[in-house]
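> Copied straight from Swiss-Prot:
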BINDING   77-84, 153-157, 207-210  GTP binding site
DOMAIN    68-260  domain 'tr-type G'
Amino acid sequence: MGFSHGVSKTLKSPKSLSLLRSYYSKFNPYPSIFGLNDHRFGLIKHDYCSNTRKENINPIDLSKYPTERIRNFSIIAHVDHGKSTLADRLLELTGTIKRGHGQPQYLDKLQVERERGITVKAQTATMFHKYNFHGPNIGDAHEPPTFLLNLIDTPGHVDFSYEVSRSLAACQGALLVVDAAQGVQAQTVANFYLAFESNLTVIPVINKIDQPTADPDRVKAQLKSMFDLEPSDCLLTSAKTGQGLEQVLPAVIERIPSPPGYSNSPLRMLLLDSYYDEYKGVICHVAVVDGMLRKGDKISSAATGHSYEILDVGFMHPELTPTGILLTGQVGYVVSGMRSTKEARVGDTLYHSRTSVEPLPGFKPAKHMVFSGLYPADGSDFDALNHAIERLTCNDASVSVTKESSSALGLGFRCGFLGLLHMDVFHQRLEQEYGAHVISTVPTVPYIFEYSDGSKVQVQNPAALPSNPKKRVTASWEPTVVATIIIPSEYVGPVITLCSERRGQQLEYSFIDSQRAFMKYRLPLREIVVDFYNELKSITSGYASFDYEDSEYQEAELVKLDILLNGQPVDAMATIVHNLKAQRVGRELVDKLKKFIDRQMFEITIQAAIGSKVVARETISAMRKNVLAKCYGGDVTRKRKLLEKQKEGKKRMKRVGSVDIPQEAFHELLKVS
């Protein structure tokens, strides 16, 4: 409806329609496809409301683009190396968006992305570009053919590495963008190997050559030494000024192979991503690997087994553009009446319901690596928080949510996230979009404990692990990551010290060039989950670049650390730590709590304990009313009697009184590693 409505406003006259024709003729050498009587795809005629004119709208004929004329590629880069600006320039070069459109980072800031935050993790855009693949034409007898280019824009962050790998599976090539001044960074390394493992053709693009500190020759040498990419293959560009951009699209067409699918095989589509639209429901980004898809087809999901009818199909040019059909090798969107994005699993295979096909390889369900409890700051706001989380998870299927209760914080939710960035953005959106003020508990990672009877249990919430279990814990395991760190060589010493303190194991250590060092460490995920990146930036004056990927579980001596207030454990503050660090972490926790818990009319004892063994203790003295103020001398026994009475009252208060824990205390506990 949105597309039809937009057309009804713009096409007020035949003159406007002719402008649309001339606009598309820039991309398409086949003007016949814009004829008014083309009934092949069922999108010719739209009926509008009484105050608008009836117009005939014709889609682009996708059958004119066999797989030989299709190129699917992605742009991968480290943060701030110019990926989004380069994507903007390519969209402008092909006429997909107008120059000076007033919206920089167009693919990062489509309406759905601006409104949905992290939900639209992969965005696609279809472009048309005329290019003579076999050298210049002699005379004007033949017009150069038009190629259909699908840009699949992916995030660079490690939290979404699975989504990125699925998006790359739909590509045959990638532009590896590197800053001419900063050179190869940690995410450059991670992204290159993701593309390399997917067997993609990698085209190195050295961007920002207009900067005064740019040194393209040094970057070429780095790319050669680290990835064995030939210096002669590198493209030198400046997305900001437009310098060198004219060589990017020809390189994409010449170097990247066409999609390898079979048009006469049964339909197989790879689901790249999805988002929720209030009017259309779930909109899925898909890549057609084999076969073809038409509007009205019945499709099934290999992951869930559910069946759907295709209500709308098309591509992003750059907004939703209905075509009624998608052919082999093409990338676009489908609307199938899904109610929730939880039904749209990233990496899933979609196929015609009447056929049986082999699912595409590589599908994995979402793997949650960080868990945190979310509670309303005001206990009475549980229903409002419940509504906010339901609305948010309707759009972001990668968050797991289960209800839980805490004796200290009341009713709340235990949420699982893909990583730290995912968790931070989720919290931020809850507050910004829904005004939900939440208390979040210390983030934890999934541990595995084995008991003396041989049973194993995965623990996502430390409070669920008994402090004095009836069965003895015989072994425990924690998840680890392989971290890539690139730093200036003068900071090598402090970084090695930091990684050693965080129980890191060095895997690799080399120099990229005379100025920068490359290091790989295996680190427990628990050690980097809170403040490792901040510490790393601090000791390297902000020059470090850091990236990580999930690794296997490793055995570790883990213990549950309880926080007790006046002898009562606070379940929301329990945490699981390594035995060697338990005393230090316990001391830090009780010191923080002493600063943030207000004095009461009775004494408060704060303890950190492992089972029944107390490892750290602090006491907050009681506020004391001067009960002797009214005694002006006289018998000392009168004063003693008043003091004894006060002492008894304090004891009774301590026994029945509750300690109020401010929200700031929970936020401060997040910073204790």
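Cβ from N, Cα, C; glycine included.
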> Can you count the other CB atoms that lie within 10 A of the CB of Ile209 (GTP binding site)?
21
> Counting across all protein chains present, how many other Cβ atoms fall within 10 Å of the Cβ of Asp80 (GTP binding site)?
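So the Cβ neighbour count for Asp80 (GTP binding site) comes to 13.
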> For Asp80 (GTP binding site), which DSSP three-state class applies?
coil
> Averaged over the whole of the domain 'tr-type G' (68-260), what is the pLDDT?
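Taking every residue in the domain 'tr-type G' (68-260) and averaging pLDDT yields 80.
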> What is the number of other Cβ atoms found within 10 Å of the Cβ of Ala77 (GTP binding site)?
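Result for Ala77 (GTP binding site): 23 neighbouring Cβ atoms inside 10 Å.
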